[in-house]
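Student: Pulled the feature table from TrEMBL, pasting it below:
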BINDING   8, 9, 16, 87, 88, 89, 97, 122, 123, 124, 125, 126, 127, 128  ATP binding site
BINDING   8, 40, 72, 86  substrate binding site
DOMAIN    4-132  domain 'Cytidyltransferase-like'
REGION    168-189  region 'Disordered'
SITE      16  site 'Transition state stabilizer'
Ligand code: PNS
């Protein structure tokens with residue numbers, strides 16, 4: 001049985017990877033499908049996001065990573081998938097996810113939506129939260145794979161140089177830049 005796991009994955013988090021790994025055990029094949037969404041301004045391009053997911057899932061032989069635009073259900077039909085896979089974190093996810101599942105069911109009765117409860121330790125986690133923490137210089141290496149954390153810090157180093165100096169992945173203290181006047185011994189001129 002083939003399942004599609006659609007999403008934005010901007011960027012992929014350990015919560016997504018938890019769903020991907022468990023999905024790969026349940027289904028014969030899983031396709032992670034990154035939505036090309038012209039209405040959103042993402043942090044990462046679609047090829048970047050695909051690469052981040054591929055790098056994080058090299059150990060999964062029944063996984064493919066792809067991108068799509070338009071309706072998820074059309075992509076699922078085109079790939080001859082039987083199921084859409086989605087993770088459920090908290091109750092507030094449920095309303096939106098149920099609406100999507102019902103809508104998709106009206107578009108194709110054959111394709112089922114299967115929900116996996118996100119593992120407890122990731123129930124608070126979202127891509128937006130990761131980006132917000134990184135933007136303000138907080139540690140994110142416990143929330144995303146290390147290479148993704150590096151990518152995020154590099155992104156913010158370009159747009160918000162100050163946040164890059166306080167990240168957990170850059171624990172080595174940056175050399176203090178002191179004003180020349182402060183370096184001079186006091187009382188001497
Ligand atoms: O990771 P996200 O942003 O929660 O994923 C949402 C996604 C991509 C699954 C959803 O927005 C989607 O399926 N978009 C494609 C357009 C579509 O099919 N809309 C109808 C579904 S109700």
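The backbone N, Cα and C atoms fix where each Cβ goes, and this holds for glycine too.
Keep in mind it's a predicted model, so treat the numbers as computed, not measured.
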Student: Quick one: average pLDDT across the domain 'Cytidyltransferase-like' (4-132), no decimals.
Tutor: 97
Student: Please report how many Å separate the Cα atom of residue 8 (ATP binding site) from that of residue 40 (substrate binding site), as a whole number.
Tutor: 10
Student: Name the one residue among 123, 125, 127 whose Cα is closest in three-dimensional space to that of residue 72 (substrate binding site); these are the binding-site residues.
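Tutor: Its closest listed neighbour, by Cα, is 127.
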Student: Go through 16, 86, our binding-site residues, and report the one whose Cβ sees the most other Cβ atoms within 10 Å.
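Tutor: The most densely surrounded of these binding-site residues is 16.
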Student: Consider only the binding-site residues 86, 88, 125: which of them have a Cβ under 6 Å from an atom of ligand 1? Write none if no residue does.
Tutor: none
Student: I'd like to know which of these binding-site residues, 8, 72, 123, 127, is least surrounded, judged by other CB atoms within 10 A.
Tutor: 123
Student: Just name the most isolated of the binding-site residues 88, 125, going by other Cβ atoms within 10 Å of its Cβ.
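Tutor: Sparsest of the binding-site residues 88, 125 by Cβ contacts within 10 Å: 88.
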Student: Under 8 Å between C-beta atoms and at least six apart in sequence, can you list the same-chain neighbours of residue 40 (substrate binding site), or say none if there are none?
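Tutor: Non-local contacts for residue 40 (substrate binding site): 8, 10.
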Student: At the Cα level, what's the spacing in Å between residue 123 (ATP binding site) and residue 86 (substrate binding site), rounded?
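Tutor: Counting only the Cα atoms, the answer is 13 Å.
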